[in-house]
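Below you'll find the structure, written out as structure tokens, and then a few comments.
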Amino acid sequence: FCLLQNQQVLGESICFSSNNMGKGKIFIDGVEGGTDSMGNTYYSRDEMWKNELDRADPTSEKGWYGKGIKYWEDVPASVDGVLGGFGHVTDVDLEESELFYQTLLREGHLKLTEPGRAADCGAGIGRISKGFLCNHFKAVDLVEPVAHFLQTAEKELSGFNDGNYIQIGLQDWVPQQGAQSCFVIFLHLDLNSLASYRLSLLGLYDVIWIQWVIGHLTDEDFVAFMMRCKRGLKEDGVIVLKENACTEGFIVDKEDSSVTRSAVYLEGLCKAAGLSVVAQ
């Protein structure tokens, strides 16, 4: 887990590596209540999620994910659109991401012997892939649920990217696997002996980059998604999370169905997924 804290609109860049923590109920110490964009106050995250998820099926038009998709479907497929009117920060954002990436290489947290494969999660119109990831990876898989964003991304990256364009929400995305995990057993009848060989499990990705999107996932889907991402990494791969964080608790945006979490909240969910800090 590498943490680079950028002030103001840049939020936080976080790089994770996996440990062996198991599944279980999500316990997070130090997370108090929060508020939403309508001025409502919640005494706990459980109260907030009950309010948001009990009213409708999350995938329905009036549910948590349905409302989020509907909001972004009405947003123009432009840099200013995907950045919520803050298109002017794109250059400094990409510069900071480049510096963070170089830090990972320099400090040995990311080891690349050749241009590999990355995933751009919540890729939007391909802003990060075009301005940063495609400069370092032969193939970038763009994961994005909004059709007109992904169509724009594919046009923008035509001829520059050997990766895939995957229209799906992160709550449903399963990272591709490389080598399969299995045991190969040979029985030598003439020697009356048994020999077994294990083929290692390898994910497909050197880097899974998650920026300004994780707030659209519920707590349970956040943890499940991160656990799948762990299985999608190569042996020395990393997960990078760049996200805005509030000072304490959480703030729910009722318009686009997202939640801005505090750093303690974010780290607690990552810990529940079995992720650990590798550098700060």
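Yeah, the Cβs are placed from backbone N, Cα and C, and that goes for glycine too.
A TrEMBL annotation is a machine prediction, not a hand-curated record.
Long-range Cβ contacts of Leu170 (S-adenosyl-L-methionine binding site) within its own chain (separation 6+, distance under 8 Å): Cys121, Gly122, Val143, Pro145, Ile210, Val213, Ile214, His216, Leu217, Asp221, Phe225. Per TrEMBL, S-adenosyl-L-methionine binding site is recorded for Gly122, Arg127, Leu170, Gln171, Gln211.
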Practice prompt. For Gln171 (S-adenosyl-L-methionine binding site), write down the residues of its own chain that are at least 6 apart in sequence and whose Cβ falls under 8 Å from its Cβ; none is a fine answer.
Written response: Tyr65, Leu217, Thr218, Asp221, Ala224, Phe225
Worksheet item: Including all protein chains shown, what's the count of other C-beta atoms within 10 A of the C-beta of Gly122 (S-adenosyl-L-methionine binding site)?
Response: 24
Item to complete: Please find which two of Gly122, Arg127, Leu170, Gln171, Gln211 have the most distant C-alpha atoms, given that the record lists them as binding S-adenosyl-L-methionine, and give only that distance in angstrom, rounded to a whole number.
Response: 21
Worksheet item: Under 8 Å Cβ-Cβ from Arg127 (S-adenosyl-L-methionine binding site), six or more apart in the same chain: what's there?
Response: Val79, Val82, Leu83, Thr90
Worksheet, complete the sentence: CB contacts under 8 angstroms to Gln211 (S-adenosyl-L-methionine binding site), restricted to the same chain and 6+ apart in sequence, sorted by sequence, are Ser97, Cys121, Gly122, Ile128, Val240, Leu241, Lys242, Glu243
